[in-house]
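For reference, the structure is listed below as structure tokens.
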Amino acid sequence: MGLIVSIFNIGCAIGGIVLSKVGDIYGRRIGLITVTAIYVVGILIQITSINKWYQYFIGRIISGIGVGGIAVLSPMLISEVAPKHIRGTLVQLYQLMGTMGIFLGYCTNYGTKNYHNATQWRVGLGLCFAWATFMVSGMMFVPESPRYLIEVGKDEEAKHSLSKSNKVSVDDPALLAEYDTIKAGIEIEKLAGNASWSELLSTKTKVFQRVLMGVIIQSLQQLTGDNYFFYYGTTIFKSVGLKDSFQTSIIIGVVNFFSSFIAVYTIERFGRRTCLLWGAASMLCCFAVFASVGVTKLWPQGSSHQDITSQGAGNCMIVFTMFFIFSFATTWAGGCFVIVSETFPLRAKSRGMAIATAANWMWGFLISFFTPFITGAINFYYGYVFLGCLVFAYFYVFFFVPETKGLTLEEVNTMWLEGVPAWKSASWVPPERRTADYDADAIDHDNRPIYKRFFSS
């Protein structure tokens, strides 16, 4: 059963890598429609399976392939269409819709819990056809990426796309300036030709550094331990008398969903780096309390007597579970997708995002598959593993993840090429906006000891 559930993540990893190029060839919108169709095929295979576990298994993989493509192409399209001042907010909405889907899934499971036949799981799968229909219908109204249109020589369509996104006329001076900036950046990239998979290892153009950062950030999103809570939360709730796992799921889903609304504001108000740093710090504190109370207080007579629990300890752990989910949903849940969608140059974007997102799915598979075995062996000591990962996440973000708030995608690329230290990136100014008192050398280089960089930034 664990493999059937977690194999979905493997399909997602495959789909992101294999299907990401569809968006480069046929456009982001057609790409999204295509991968959604693949997702529907997977759902259809699952819902028609009767006493054939292998058919359901295959359907899970195929639907995962479709979702993997969506996870790459959707943030990609949003980041390329959105105006820079709300780009983070709009990419964050991708995560918000994901949490809404999780919440609705929990509600559906609760509504069908009294069925004891195939109806219980087929209703939830059947609703997936509705979400796919909404997705395809929505693509009819979304403008195509102006960067893709310029790349394939459809300049006038690109201007109309920018016009629609910014709600200004095609002749607006600001729009034309943005168009010229995008076109100039694409022309420079065209001189180097299309990026190959091997070029993702290039350090000269800083592509490898960006791929590495994307992989680590997406991996750390899973290693924050959020899925640990979604899996193990029912055990804690049982300790205080709430034994219905369906109700437990809804409570967690409500906190997760409504916390994501706050992230829509914070990601643009405070910036990507700040959100990730504060998120890692707050989740670290939550795990320290959660794991320590679980190890020392939840079972007064030891883990061998799990039927005897401390309600006070259970209540404390539930409170910090909710704090953790709030901290995760408002920072790392969508923040890593925002940063990855803004980081890569256009010519390497689909491949770079695919690799980074695949890392997320692979860690999702490993955690969902092995968590039952690990928690069965070491119980709440498992929390200290994630605590250690969060310590690493905090320092990694501080030293290696630059701020991209308020910059165009072309300006983000310039910042990477200049080699601006991550802890100084919030002060970096694009060349065309620099004044006489701007000290580029002071921003681009920092010879201070590491501890001084950390405490003075």
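For all residues, glycine too, the Cβ spot is worked out from N, Cα and C.
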Recorded membrane side (Swiss-Prot) equal for Ile58 and Arg269:
yes
Of the residues Asn117, Asn194, give the one that Swiss-Prot describes as N-linked glycosylation site.
Asn194
At least three Cβ pairs under 8 Å linking the transmembrane segment (3-23) and the transmembrane segment (88-108), pairs spaced 6 or more in sequence?
no
Taking residues 6+ outside the transmembrane segment (275-295), which of them lie with a CB under 8 Å of any CB in it?
224-225, 236, 263, 266-267, 313, 316-317, 320-321, 323-324, 327-328, 330-332, 335-336, 339, 379-384, 386-387, 390-391, 393-394, 397-398, 401
Other than its close neighbours in sequence, what residues sit by the topological domain 'Cytoplasmic' (109-122), given a CB gap under 8 Å and a spacing of at least six beyond its ends?
47, 50, 246-247, 249-250
Please indicate, using numbers and ranges, the residues of the same chain that are 6 or more beyond the topological domain 'Cytoplasmic' (341-353) and have a C-beta under 8 Å from a C-beta there.
16, 20-21, 23-24, 72, 75-76, 78-79, 87, 91, 147, 151, 185-186, 189-190, 192-195, 197, 199-200, 205, 207, 210-211, 213-214, 404, 407, 409, 412-413, 416
Would you mind giving the whole-number mean pLDDT across the topological domain 'Cytoplasmic' (341-353)?
90
By Cβ distance under 8 Å, which residues at least 6 away from the ends of the transmembrane segment (123-143) in the same chain are close to it?
29, 32-33, 36-37, 39-40, 43, 46-47, 63, 70, 77, 81, 101, 104-105, 108-109, 111-112, 115, 160-161, 164-165
